[in-house]
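**Student:** Quick one: the structure is below, questions incoming.
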Amino acid sequence: MENAHTKTVEEVLGHFGVNESTGLSLEQVKKLKERWGSNELPAEEGKTLLELVIEQFEDLLVRILLLAACISFVLAWFEEGEETITAFVEPFVILLILVANAIVGVWQERNAENAIEALKEYEPEMGKVYRQDRKSVQRIKAKDIVPGDIVEIAVGDKVPADIRLTSIKSTTLRVDQSILTGESVSVIKHTDPVPDPRAVNQDKKNMLFSGTNIAAGKAMGVVVATGVNTEIGKIRDEMVATEQERTPLQQKLDEFGEQLSKVISLICIAVWIINIGHFNDPVHGGSWIRGAIYYFKIAVALAVAAIPEGLPAVITTCLALGTRRMAKKNAIVRSLPSVETLGCTSVICSDKTGTLTTNQMSVCRMFILDRVEGDTCSLNEFTITGSTYAPIGEVHKDDKPVNCHQYDGLVELATICALCNDSALDYNEAKGVYEKVGEATETALTCLVEKMNVFDTELKGLSKIERANACNSVIKQLMKKEFTLEFSRDRKSMSVYCTPNKPSRTSMSKMFVKGAPEGVIDRCTHIRVGSTKVPMTSGVKQKIMSVIREWGSGSDTLRCLALATHDNPLRREEMHLEDSANFIKYETNLTFVGCVGMLDPPRIEVASSVKLCRQAGIRVIMITGDNKGTAVAICRRIGIFGQDEDVTSKAFTGREFDELNPSAQRDACLNARCFARVEPSHKSKIVEFLQSFDEITAMTGDGVNDAPALKKAEIGIAMGSGTAVAKTASEMVLADDNFSTIVAAVEEGRAIYNNMKQFIRYLISSNVGEVVCIFLTAALGFPEALIPVQLLWVNLVTDGLPATALGFNPPDLDIMNKPPRNPKEPLISGWLFFRYLAIGCYVGAATVGAAAWWFIAADGGPRVSFYQLSHFLQCKEDNPDFEGVDCAIFESPYPMTMALSVLVTIEMCNALNSLSENQSLLRMPPWENIWLVGSICLSMSLHFLILYVEPLPLIFQITPLNVTQWLMVLKISLPVILMDETLKFVARNYLEPGKECVQPATKSCSFSACTDGISWPFVLLIMPLVIWVYSTDTNFSDMFWS
């Protein structure tokens, strides 16, 4: 039934043709069940395991690897001789990587679907209904309830469907609907129509929603919606319809894979075409087909060299390390790619209650009357420190602490707060914090009584458990609570009838009242001044109400409660308590005692975090279910709005937002920083608009109602105290529910992206070097310098360790002083691409050069000419060009070992270059990242392992090197550091101004100024090594002059 909240009880019952006392007939139930189906959320049909596995191979980079593995496998199958076994290593390792990658992908996909299934925990199993086949109420399975059923609900029940209340059988009916609406306190319901057809769920006071809990009272109602038609069902549909967007990193890696695949294809085809003239060489037995297959194998090796096989593993490891660091800061990351997405977050949409605020109501101001003269009066105003439930704080007057027992008015005010109250404080030993037991508002009053300590109770020596309610206990020992007149909407107050525990002539029964100021003060005839009471005049009443209005609408927007006493109430026997309509009669002729102002205070650290966000170019938007006045006031206190800032076009209620046309809604999302009184659909709509501006949005939430928006946003952030649905729909969970934790996570995300750029640069320059090496050997006609199994070893193991260690690079000091990076900016800029290419070309040339040095100039080498080396395929005994040359020498493992050792060593130097994007090694020495130093040592150890431990040299087709050969390796490798230092110098001083303080051109740079910040221990360590390496003769120059 549409808009059931706007209809009268009679209209709703008439619509379903049902009587409240008898319920539906079995015939009606049958028809309605056929029409509306079962009252349950349908199980989500997830993807099959096969579909999920196939999905993992849709990535372009993965498909290229798969193709390379298949071709390698086919070629290995037809391999002859000793290389048969080693030929299978390459396809096997590639397939192993792909399988591991697929397993991780499938596992993450499976986890994502759990969010929809978690909604089922809010479906009650049973319901109580009235039907015509039985005279009394009957319990049936909740899934068998149909629209039109008359349902009975009572305290502790979970609401089985969306219900329009028809009658309330208790004084009040309170419902905890926080999981659906986000309201932090239970809501009082009634049966009157709510005439507004566009009312938000919070304002539908005559409706109960499926999955919410009855906090107090008993009532009956008619079911108006079941299953997917309920409000929780609509949330489920929205979640099903929400497609998960790919993270910026995933998009960048996809683009990178596409570019890489095109480059690889072009180079492979080029290598194959360049060598067409060699297809008929004698070494191939004169067979054109065998020559074509040989160069096809080289092209496949090139593909393997060009693909950074280790990249997926290193990225996963880096993100996993990032999640561990975030977990220490109370941010638990559920989705690995979202770690990096946090780094480019440009908008944070945050809940108010519990995230920006403590979600711990506390009294911060109160007043009593000081003196009254006719229509004029003066007040004693007090402020209270402490913003949590801990019973620690002071009462101040004019910024000076006071003893509350010196004020008679405060003693009575504390008595009312303690007795007109069903809440208590509890010390949680496991968490080490004080928590509320009962309503938040009443707990704030309990905490106030503890801070006031009006009877000077001795508190020293008490345990924290005993301290929790020590002062309240003293008051409760003096007065005994006889009964309570429950809160009702019409009088907006509640009261307790108390008698003294030790009756005397002077102490008599009293009634203590608390409630909304306008309701209570209207029924007050007197005012308490000290220990006396004086009549209340209109002038005094006006003064009191003006102060209360100021508190309620000022910068704090306090929630005010008036406290009053009935000094001579009727005796209990004279009261008719069965009918709550009589309560207002007993709460008249009251004496006004004082007023308290409370609020859910902002967290202490939030203001500085909001300021940090502003510095970092991140817009913070508060989205709350609370009213607009309170929301704007909190925004001003934490710095989202300035103290005097005009919020006309920057703060909207859900209703105001809906009334705007689409263009105005778009502008609102572009400028607004506060949305109040919102529903779940508003959150999703706001996220959609923000995404249309290419903003990267982080959205917080804790209730079932937040799940669709959490799933839609790039970063869904659930509260640690939130529902299972919210947690499973999110990418990150805040263990401490604190906004400042989000900002710390954003900072970590930015650092991770910077480090990721460094290790991607490191791995790609390595792969470019390998491609250049294979391309040069093919183009020059040299023997193979590197084979696929060696390339795999370098890409996965030797390079993988330093790349992972680069994830530990320290973050830049100004990381939160820069605006968020554009998620569309390429992973590799033009300048970075040039750097990759320049370094990569040197790596490739150095690797080929090392192999050539052994052939041409090494003491233990064959010392062939350049012509003989580049035409080695024509080597035969009867060829005069190769007279005196043993053709078997061209298959020696030494040149391969030299090439592989240079590649590994040069990559270790390159890892040192990657310590910082633009900072010199002289100013940022290797020990700035001790993990990198350790990983370089481990990588070199693994290289020595495959060189010197049998049978590994046989598998990798290499052989041990002597000292001279190692000196040559160092001589060829070290210049890469000098080369990158030059490129860094250019970037620092010419391409990225402002990163370092440049001396004005007019001033000469003194030696001390130029050398400022240089790490002299590093200089002293490295210089002797460089001098020794380059002063030792290794016949290096012979290679060029021979």
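Quick reminder: no glycine exception, Cβ is built from N, Cα and C everywhere.
These came from Swiss-Prot, pasted as-is:
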type     : residues                           : note
TRANSMEM : 49-69                              : transmembrane segment
TOPO_DOM : 70-89                              : topological domain 'Lumenal'
TRANSMEM : 90-110                             : transmembrane segment
TRANSMEM : 254-273                            : transmembrane segment
TOPO_DOM : 274-295                            : topological domain 'Lumenal'
TRANSMEM : 296-313                            : transmembrane segment
BINDING  : V304, A305, I307, E309, N795, D799 : Ca(2+) 1 binding site
BINDING  : D351, T353, D702                   : Mg(2+) binding site
MOD_RES  : T441                               : phosphothreonine
REGION   : 575-594                            : region 'Interaction with HAX1'
TRANSMEM : 757-776                            : transmembrane segment
TOPO_DOM : 777-786                            : topological domain 'Lumenal'
REGION   : 787-807                            : region 'Interaction with PLN'
TRANSMEM : 787-807                            : transmembrane segment
REGION   : 788-1042                           : region 'Interaction with TMEM64 and PDIA3'
TRANSMEM : 828-850                            : transmembrane segment
TOPO_DOM : 851-896                            : topological domain 'Lumenal'
DISULFID : C875-C887                          : disulfide bond
TRANSMEM : 897-916                            : transmembrane segment
TRANSMEM : 930-948                            : transmembrane segment
REGION   : 931-942                            : region 'Interaction with PLN'
TOPO_DOM : 949-963                            : topological domain 'Lumenal'
TRANSMEM : 964-984                            : transmembrane segment
**Student:** Do you know offhand how many angstrom separate the residue listed as 'phosphothreonine' and T353 (Mg(2+) binding site) by C-alpha?
**Tutor:** 14
**Student:** The region 'Interaction with HAX1' (575-594): mean pLDDT?
**Tutor:** 88
**Student:** Do me a favour and check the Cα-Cα span between T353 (Mg(2+) binding site) and C875 (disulfide bond); whole Å is fine.
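**Tutor:** C875 (disulfide bond) has its Cα 82 Å from the Cα of T353 (Mg(2+) binding site).
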**Student:** Looking only at I307, C875, C887, the recorded positions on record, which one has the least crowded Cβ, with the fewest other Cβ atoms within 10 Å?
**Tutor:** C887
**Student:** Between I307 (Ca(2+) 1 binding site) and C887 (disulfide bond), find the distance joining the two CA atoms and give it rounded to the nearest Å.
**Tutor:** 33
**Student:** Most CB pairs under 8 Å with the transmembrane segment (828-850): which of 49-69, 254-273, 757-776, 897-916, 964-984?
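**Tutor:** It is 757-776, which has the most Cβ pairs under 8 Å.
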**Student:** Assess whether the transmembrane segment (787-807) lies in contact with the transmembrane segment (49-69), where contact requires at least three Cβ pairs under 8 Å among residues 6 or more apart in sequence.
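**Tutor:** No, the transmembrane segment (787-807) and the transmembrane segment (49-69) are not in contact.
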**Student:** Run the contact check on the transmembrane segment (897-916) against the transmembrane segment (964-984): 3 or more C-beta pairs under 8 Å, excluding pairs closer than 6 in sequence.
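**Tutor:** Since 3 or more Cβ pairs under 8 Å link them, the transmembrane segment (897-916) and the transmembrane segment (964-984) do come into contact.
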**Student:** Sort the residues of the region 'Interaction with HAX1' (575-594) into helix, strand and coil with DSSP and give the three counts.
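**Tutor:** Residue counts in helix, strand and coil order: 7 helix, 5 strand, 8 coil.
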**Student:** Using a 10 Å cut-off on CB atoms, tell me which of the recorded positions T353, T441 is the least crowded.
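**Tutor:** Among the recorded positions T353, T441, the lowest count of other Cβ atoms within 10 Å belongs to T441.
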**Student:** I'd like the number of other C-beta atoms within 10 A of the C-beta of D702 (Mg(2+) binding site), please.
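**Tutor:** If we count other Cβ atoms within 10 Å of D702 (Mg(2+) binding site), we arrive at 29.
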**Student:** Looking only at residues six or more beyond either end of the transmembrane segment (930-948), which have a C-beta under 8 A from one in the stretch?
**Tutor:** 793, 797-799, 801-802, 804-806, 808-809, 897, 900-901, 904-905, 907-908, 911-912, 915, 955-956, 958-961
